[in-house]
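Take a look at the structure set out below.
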Amino acid sequence: MAALKMTISCFFFLQVISCLLSLFAPTTVQGLKVGFYDKACPKAELIVKKFVFEAVKKDLTLGAPLLRMFFHDCFVRGCEGSVLLELKNKKDEKNAIPNLTLRGFEIIDNAKAALEKECPGIVSCSDVLALVARDAMVALNGPSWEVETGRRDGLVTNINEALSNLPSPFNNISSLITQFQSKGLDKKDLVVLSGGHTIGHGHCPQITNRLYNFTGKGDSDPNLDTEYAANLRRKCKPTDTTTALEMDPGSFKTFDESYFKLVSQRRGLFQSDAALLDNQETKSYVLKNLVKSDGSTFFKDFGVSMVKMGRIGVLTGQVGEIRKKCRMVN
């Protein structure tokens, strides 16, 4: 009898220990984990990295659209590769106005083809997107982070869902906070991920209202530095629909903290950039991360927020599929 009591006591003790250990285990979500392919396709991450580094080395401007591709995928239906799908009627996410400037889809295709040759039917297109985003930032001397993998690919793409779910460059701070919160992201994630605007381009139509007709009276945005506004007006005439503008002038090919310095000087390109100064929490982060040597935590924080974003609406287990080709369902 005593032996039985001891066995039962040991069982409950082990159960308690197990529960306590689970409380302190690394946070993952819905079947995602770092190293998901270690056994099934051990070379997966190296294969993706090879294609990304080769492409970005040839064209540094590819880094920004590759990062934005993952962002735009996650904010519509979750991180399940719907931004890659193409429909004959063109009513797919790819053809939504916010996605028309995305580039680098051939890098995804090439990496996926190599993965299919190495380990057929194992690595999802949505995981390729997540890995590509990280590797593109590393290729630009930006931050690195451990990417959780194990996503499966979605079966649906809809142009209208992209239009209604993607944050707009015209958004004010309240709209931005609401949109990010709807995806499980907080104010810190908002300002940190906005820091991705340290690389890449915007285009004239995204700022025309700030320059020429901000309140409908032929005025400019008072939150835009006047000298910077005059410079932008020289580049963007009211009817210009094509001219590209550096998001971070002089540093748009390098991932760094200079974006926050520009925002603090009222030189953020988009209205959504300027909006970061309209909330105490986001403004405080901007002002604390102006220069790396002053103790900026931006690189570390960016990796944390990217992992968090990468958990939005994921498909795992038997849900969805592993596409053979990323542009079409099986």
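The first residue you see is number 1, and the count goes up from there.
Using the three backbone atoms N, Cα and C, a Cβ is placed for every residue, glycine included.
Automatic, uncurated: that is what TrEMBL annotation is.
Annotation source TrEMBL lists active site, proton acceptor at His72. Per TrEMBL, the feature Ca(2+) 1 binding site maps to Asp73, Val76, Gly78, Ser82, Glu93. TrEMBL lists Pro167 with the feature substrate binding site. Positions annotated as heme b binding site by TrEMBL: His197. Residues annotated as Ca(2+) 2 binding site in TrEMBL: Thr198, Asp248, Asp256. Marked as disulfide bond by TrEMBL: Cys41-Cys119, Cys74-Cys79, Cys125-Cys326, Cys204-Cys236. Look at TrEMBL and you will find 31-330 tagged as domain 'Plant heme peroxidase family profile'. Taken from TrEMBL, the feature signal peptide applies to 1-31.
Take the Cα of Asp256 (Ca(2+) 2 binding site) and measure to each of the recorded positions Cys79, Ser82, Glu93, Cys119, Pro167: the nearest one is Pro167. The recorded positions close to His72 (active site, proton acceptor), defined as a CA atom within 10 A of its CA, are Cys79 out of Cys79, Cys236, Asp248. Within 10 Å of the C-beta of Cys236 (disulfide bond) there are 22 other C-beta atoms, taking all protein chains into account.
Neighbours of the Ca(2+) 2 site: apart from Thr198, Asp248, Asp256, residues of the same chain with C-beta atoms within 8 angstroms of the site's C-beta centroid are Gly195, His197, Ile199, Met247, Ser251, Phe252, Thr254, Phe255, Glu257, Ser258, Tyr259. For Cys74 (disulfide bond), the number of other Cβ atoms no farther than 10 Å from its own Cβ, over all displayed protein chains, is 27.
Ranking the recorded positions Asp73, Cys79, Ser82 by Cα distance from the residue listed as 'substrate binding site' puts Asp73 first. The Cβ of Asp73 (Ca(2+) 1 binding site) lies under 8 Å from the Cβ of Cys79, Glu80, Gly81, Ser82, Val83, Leu84, Ser126, Leu129, each of which sits 6+ residues away along the same chain. Annotation for the disulfide-bonded residues Cys41, Cys79, Cys119, Cys204, Cys326: lowest Cβ count within 10 Å of the residue's own Cβ, Cys119.
Report note: the Ca(2+) 1 site is defined by Asp73, Val76, Gly78, Ser82, Glu93, and the residues of the same chain whose CB lies within 8 Å of the CB centroid of those residues, excluding them, are His72, Cys74, Phe75, Arg77, Cys79, Glu80, Gly81, Val83, Gly154, Thr157, Glu161, Ala162, Asn165. The recorded positions listed here (Cys41, Cys74, Val76, Glu93, His197, Cys204) include His197 as those with a Cα within 10 A of the Cα of Asp248 (Ca(2+) 2 binding site). Local packing around the binding-site residues Glu93, Asp256 was summarised as the count of other Cβ atoms within 10 Å of each Cβ; on this measure the leading residue is Glu93.
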